[in-house]
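Peer 1: Residues or ranges marked as domain 'ATP-grasp' by Swiss-Prot: 9-244. According to Swiss-Prot, the ATP binding site annotation covers Lys46, Gly53, Arg54, Gly55, Glu99, Ser102, Glu107, on the basis of sequence analysis. The Mg(2+) binding site annotation in Swiss-Prot covers Asn199, Asp213. The substrate binding site feature in Swiss-Prot is assigned to Asn264, Gly321, Ile322, Val323.
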Amino acid sequence: MNLHEYQAKQLFAEFGLPVPEGYACDTPQEAFEAAGRISTAKKVVKCQVHAGGRGKAGGVELHDTKEGVKEFAQKWLGKNLVTYQTDANGQPVTKILVEEASNIANELYLGAVVDRASRKIVFMASTEGGVEIEKVAEETPELIHKAAIDPLVGPQAYQGRELAFKLGLEGDQIKQFVKIFMGLGTMFSQYDLALLEINPLVITAEGNLLCLDGKINIDSNALYRQPKLREMHDPSQEDEREAHAAQWELNYVALDGNVGCMVNGAGLAMGTMDIVNLHGGKPANFLDVGGGATKERVAEAFKIILSDDNVKAVLVNIFGGIVRCDMIAEGIIGAVKEVGVSVPVVVRLEGTNADLGREVLANSDVDIIAAESLTDAAQKVVAAAEAK
């Protein structure tokens with residue numbers, strides 16, 4: 001689960017991290033009043049969406065007057081912001097962050113992720129702030145400095161000092177950086193974060209460190225024990241189909257192709273998408289129905305897939321392990337009848353009672369195309385989509 005910038009900064013402030021004075025606003029009038037409370041001559045106004053690239057898309061501006069801030073809010077609130085990280089529809093803007101402007105002397109990067117290989121939290125720091133860290137890692141990896149935190153021990157001050165030295169910080173800046181590092185390390189573990197970024201972490205003209213931006217991603221599997229963070233969830237930033245799928249414990253990700261995919265198992269789902277691509281098709285989605293491919297869940301999966309008007313055919317690829325293929329076949333038939341599927345459906349069954357499952361499909365009165373293999377299934381569904 002992602003947080004907005006203003007929410008991330010609220011958490012930063014709780015852990016004693018320096019953040020600009022700012023106010024999250026729901027209306028143009030609130031933005032106008034917030035600008036009046038900020039003492040700096042210039043105010044920064046930012047659209048709050050779960051996507052990067054806001055500045056280049058016009059979602060971040062600098063204004064001298066309260067009226068300018070209000071006009072920005074009037075322009076964006078209730079509209080969608082399209083960036084390079086969103087789809088063509090963009091993300092809805094429901095809040096505007098109004099902040100004091102900062103005198104920036106230098107920009108740094110500070111972030112943290114869970115390293116599954118070492119089972120530790122790895123902090124990354126760089127002098128190349130304000131740009132995508134992926135680009136820095138690719139072009140100049142030597143400029144990224146790391147510190148691994150043992151979750152049983154927690155962040156250590158010496159690790160923060162080492163990073164500060166490598167960033168070229170001096171004097172009181174080192175103390176400030178260590179405080180930020182220690183706070184973030186504690187926050188990361190306490191709130192079950194999966195990713196944390198401050199980009200940029202700036203050095204102001206006065207020589208102080210300031211968290212100018214914030215990005216937080218929380219491990220969704222840990223939300224059951226993070227009630228405070230659950231309340232920060234913004235459903236407006238999610239694809240409607242993905243949100244509906246989550247209610248049925250279906251893992252769904254919308255894509256831009258025309259072949260709907262319904263599979264049990266994330267690895268098999270990715271393999272299915274690959275082979276559809278290999279045979280000239282374009283997947284319309286990733287959908288993992290999991291181990292419980294019941295009639296009800298399959299029916300909901302069909303509804304979600306077919307809510308995308310671009311879908312011209314559906315490939316159902318099921319491996320029967322604990323669940324028998326004949327039972328799955330009956331569930332598919334029932335779901336197709338219930339939903340009233342109007343596009344070609346190709347089904348490939350493999351595993352326990354696979355032959356019996358294919359026989360059940362063949363003897364049904366539902367128009368389902370049975371496939372003998374994964375390659376056969378991909379070829380048939382691509383051909384069906386092209387003919388539609």
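Even glycines carry a Cβ here, placed using N, Cα and C.
Help me see these features in their spatial surroundings.
Peer 2: A coil conformation is recorded for Arg54 (ATP binding site) in the three-state DSSP classification, outside any helix or strand. The number of other Cβ atoms within 10 Å of the Cβ belonging to Arg54 (ATP binding site), over all protein chains shown, comes to 20.
Using a 10 Å radius centred on the Cβ of Asp213 (Mg(2+) binding site) and all shown protein chains, the other Cβ atoms total 22. Asp213 (Mg(2+) binding site) falls outside any helix or strand according to DSSP and counts as coil.
A 10 Å cutoff on Cβ-Cβ distances gives Ile322 (substrate binding site) a total of 8 other Cβ atoms nearby, all chains included.
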Peer 1: How big is the Cα-to-Cα gap, in Å, between Val323 (substrate binding site) and Ser102 (ATP binding site)?
Peer 2: 59
Peer 1: What average pLDDT is reported by the model for the domain 'ATP-grasp' (9-244)?
Peer 2: 94
Peer 1: Could you check the binding-site residues Ser102, Asn199, Asn264 and say which one's CB has the fewest neighbouring CB atoms inside 10 Å?
Peer 2: Ser102
Peer 1: Select the most exposed residue of Glu99, Glu107, where exposure means the fewest other Cβ atoms within 10 Å, treating these as the binding-site residues.
Peer 2: Glu107
